[in-house]
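Student: Here it is, the structure in full.
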Amino acid sequence: MSQHLDPMTSETESSNLKKRDEQTFEVIAPPAHDQDQPRWNLAEHYPPNHPHNLSSWRKFGILVTLCFSGFLANYGASAHLTAFGPMAAYFDRPVGDIANTIGYGLLGIAVGPVLWNPLSQTIGRRYTYLIGSLLYLPCIVWCAESKSYVSFAVARVFAGLCSAFSQTVPPATIADIYPRHVRGDKLSAFGVAVIIAPALSPLIGSLVVNKHSWQNIYWIVLGLGGLQLLMFLLLVPETLWNEDRTDAGTGDDRDGVVVVRQGRVGPAWYPWRRPKDFATLFTRPIAMSRFLAITLPSIYYGSLFGWSVGITIIGPRLFEAPPYDFKPIPTGCTYLAFGLGAVLGKWSGGLVGDVVVTRVTKRNGGIRKPEYRLWALLPILPFMFVGLFIVGITFEKRLAWIAPLIGGALFYFCLSASTGILQTYVLESYITRPMDTQASFIFWKCIWGFAIPFFVWEWGLESTFTVEYAIQGVLATCIGLLLCGGLIWKGEALRRAQGMPIVER
């Protein structure tokens, strides 16, 4: 869910928005309390020119484009996972240095939303998509044409920076065009597209380096980037809704009073005309770091994502060595197991999370709270240790090649399920600023992904892979239990103490 807010909205004003849906600009009066229903029944009505009234085919085209964009950013970030050897020979650098460039791409994605989010909230979604897609193309050419390791590493950072819009702006567009009762399905589709990219890119990369030079991996990415730009140009209109606060129509429904405000679609204002306001938008994601209900789950999830990056970096180096001696294509195929686990986990986490929230809400008088979703994560946490331990012991003992795939798929299942649960919790904890909360979430995720490649291989060699992955599993499970238990117990009190808006639905 995403809302367009004036950048100068104060914290007090934001907290008072709990009775107004900032996407549809409705003011909701509380209906009679029903033990089986949420306290607020949010009816939805839209003016004729609202993006929610786009045709179903137009919405479908937008959704496909957004999913492809989310896929491409992660595809490009992991494009050369199975080309470490050829690239090490080309740049005359150790394989470990090439592995580190995966992290450089994630570093760009981590900081990129600080730029793209303010642009999408001011000049609009469409212009942001077009600018980002256009700037991405020369960065990919730079990657393919790099003659030195330093040049390639810098190009990776800029490519990640230019593609970062696809990680935080598309959910806002989905909220622009879809009513709340179907947004979950659409966001799940976007999430699946993002998750399967790192599983498919190594396979495609292995097919390329098996017969051609590694540079062709990035020429393929360039072609996909050109397709992305074309799709945004032809299929995605502007969807940023600007409320006309001077004109309101009032209507009644049986559950409460709904005020429907007129407005327009288009840029809200231009940054060069209001530079101080634009600077304020830059600082809002950073300001989110003071809220523990946002920062702690984001840091924890980032560590989980970092362990997954470690698996994808260590795996190819071991599978291409004895006793496996895999060629590039079989090595690329191993990632499909991780992708399968991720897809199943995304579906499971979303479904189970929704069911758990619904049941706990009914048991607590129909009042829905973000912390209820965390109950769905508790049964998953022990399996994180199991999956990581299987990966570690099979890497160390060089057991049958299928064993690390089973362990990795299990961990990716847990990671994917936790993604939906924790990301939704962070979003709902500060519902009036979803883009800022997601920027914080993506930042910690990618910072961990950036840091892990620099030490994960050496850690395994020094302490054995079994010890390394056992420690990772213990941290993933135990910290997760403490975090979820603590937030379930005192999460709402923590949010109230820090002045976060409390929305009861």
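Positions of Cβ are set from backbone N, Cα and C atoms, glycine also.
Predicted automatically and left uncurated, TrEMBL annotations should be read as such.
These came from TrEMBL, pasted as-is:
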| type | residues | note |
| --- | --- | --- |
| COMPBIAS | 1-15 | compositional bias 'Polar residues' |
| REGION | 1-21 | region 'Disordered' |
| TRANSMEM | 60-78 | transmembrane segment |
| DOMAIN | 62-505 | domain 'Major facilitator superfamily (MFS) profile' |
| TRANSMEM | 98-115 | transmembrane segment |
| TRANSMEM | 187-205 | transmembrane segment |
| TRANSMEM | 217-236 | transmembrane segment |
| TRANSMEM | 291-315 | transmembrane segment |
| TRANSMEM | 335-353 | transmembrane segment |
| TRANSMEM | 374-395 | transmembrane segment |
| TRANSMEM | 401-427 | transmembrane segment |
| TRANSMEM | 439-457 | transmembrane segment |
| TRANSMEM | 469-489 | transmembrane segment |
Student: Per the definition of 3+ C-beta pairs under 8 A with sequence separation of 6 or more, do the transmembrane segment (401-427) and the transmembrane segment (217-236) touch?
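Tutor: Touching, no - the transmembrane segment (401-427) and the transmembrane segment (217-236) miss the threshold of 3 or more Cβ pairs under 8 Å.
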Student: Report the listed stretch (60-78, 98-115, 335-353) having the maximum count of Cβ pairs within less than 8 Å of the transmembrane segment (217-236).
Tutor: 60-78
Student: Of the listed stretches (60-78, 335-353, 374-395, 439-457, 469-489), which one yields the highest count of Cβ-Cβ distances below 8 Å with the transmembrane segment (98-115)?
Tutor: 439-457
Student: Do we see three or more Cβ pairs under 8 Å linking the transmembrane segment (374-395) and the transmembrane segment (187-205), pairs being at least 6 apart in sequence?
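Tutor: No, since the transmembrane segment (374-395) and the transmembrane segment (187-205) share fewer than 3 Cβ pairs closer than 8 Å, they do not count as touching.
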Student: Looking at the stretches 60-78, 335-353, 439-457, 469-489, which one shares the most CB pairs under 8 Å with the transmembrane segment (291-315)?
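Tutor: Looking only at 60-78, 335-353, 439-457, 469-489, the most contacts with the transmembrane segment (291-315) come from 439-457.
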Student: Select the range from 60-78, 335-353, 439-457, 469-489 that forms the most Cβ-Cβ pairs under 8 Å with the transmembrane segment (187-205).
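Tutor: Going through each listed stretch, the top one turns out to be 60-78.
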Student: Let me know the model's mean pLDDT on the domain 'Major facilitator superfamily (MFS) profile' (62-505).
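Tutor: On average, pLDDT over the domain 'Major facilitator superfamily (MFS) profile' (62-505) sits at 91.
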Student: Determine which residues of the chain contact the transmembrane segment (335-353) at the Cβ level, with the cut-off under 8 Å and only residues 6 or more beyond its ends counted.
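Tutor: Those are 81, 184, 188, 191-192, 195-196, 198-200, 202-203, 308, 311-312, 315, 373, 376, 380, 405-406, 408-421, 424, in sequence order.
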Student: What same-chain residues lie close to the transmembrane segment (439-457): Cβ under 8 Å, and 6 or more beyond its ends?
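Tutor: Same-chain residues near the transmembrane segment (439-457) but 6 or more away: 96, 99-100, 102-104, 106-107, 109-111, 113-114, 117, 160, 164, 167-168, 285, 288-289, 294-295, 297-299, 301-303, 305-307, 309-310, 313-314, 317, 422-423, 426, 468.
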